[in-house]
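Participant: Handing you a structure now.
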Amino acid sequence: MSRAALDKDPRDVASMFDGVARRYDLTNTVLSLGQDRYWRRATRSALRIGPGDKVLDLAAGTAVSTVELAKSGAWCVAADFSVGMLAAGHERKVCKVAGDATRLPFADDVFDAVTISFGLRNVVDFSAALREMARVTRPGGRLVVCEFSTPVSALFATVYKEYLMRALPRVARAVSSNPEAYVYLAESIRAWPDQAALAQQMSRAGWSAVRWRNLTGGIVALHAGYKPQPV
C-alpha cells in the first residue's frame, strides 16, 4: 500500500505497519529531527492526567507514547491494530491490547482520558473512531488528538511540502525497513483535513469544547475536547 486513498483497507494498513515495526521509533526520530519527543511530552501535558486516572493510548504502536503518558502516574493501556508494532514494543512494561479503533474491545465509560497520536489518518472511518473513543470515555473525560496538520506560514508550508514529497522518502530509504510506507505517510499527511476541519469533525462526533494548539509551526496540531456530561 503506497497511496493515501481515504478508503484505506484496514488489513493493508496493519500489514504496512507490521512491516516497519522493527525500526519504526528510530525512523520517526530521524524524520522528525527529534521533534517526536517534544510532541509526546506536549500530548501528555494536554491530557491533564495524573495518579488514579485510566488512560487509553490508541494507535500506540510500539508503546513509546504510552510510556511517556505513564510518567504522569496514570494507569495507561496501549492499543493498536498492528500486532507487529505491539510486539516490537515488548520491552515496554505497559498493558497492551490489539484492537480496531472503530470497534474497541472496552466497555462504555471506562477511561478518564483517551489519546491518539499520528494514527487517526490511518483509520478507514475516522469519524466512527472518534465516536468510538467517546463511547469508552467517561462523561467529562478528555480526548487529545496529536496529528500532522497544516503549517500556519505559507512559506513554511511550501518548504514543508517539498520535504514531504522529496526529502522524506529519500531519508526513509536510508533508515526504514519499508521505505514505501513513508511515501504513504507523506501523501496521507497532504490529504488530511486542516486544523479547523478536524475540530469540526470532532464536534460532530460528540466531543464538546474542541480546541487546538499548533506545534512546530503547525506541522503538528493537538486537538482537545471533552465528552459532555449527561443532561
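Each Cβ is built from the backbone N, Cα and C atoms, and glycine gets one as well.
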Participant: Of the residues Asp53, Asp80, Asp109, only one is listed by Swiss-Prot in the S-adenosyl-L-methionine site with Thr62, Asp100, Ala101, Ser117. Which is it?
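Facilitator: Swiss-Prot names Asp80 for this S-adenosyl-L-methionine site.
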Participant: Using Cβ atoms only, which residues of the same chain lie under 8 Å from Thr62 (S-adenosyl-L-methionine binding site) while being at least 6 residues apart in sequence?
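Facilitator: Residues satisfying the criterion: Ala21, Tyr24, Asp25, Met85, Leu86, Ala88, Gly89, Arg92.
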Participant: Translate the DSSP assignment of Ser117 (S-adenosyl-L-methionine binding site) into the three-state scheme.
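Facilitator: SS state of Ser117 (S-adenosyl-L-methionine binding site) = strand.
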Participant: According to DSSP, collapsed to three classes, what secondary structure does Asp80 (S-adenosyl-L-methionine binding site) have?
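Facilitator: Strand, per DSSP.
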Participant: Within 10 Å of the Cβ of Asp100 (S-adenosyl-L-methionine binding site), how many other Cβ atoms can you find? Include all protein chains, please.
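Facilitator: There are 17 such Cβ atoms around Asp100 (S-adenosyl-L-methionine binding site).
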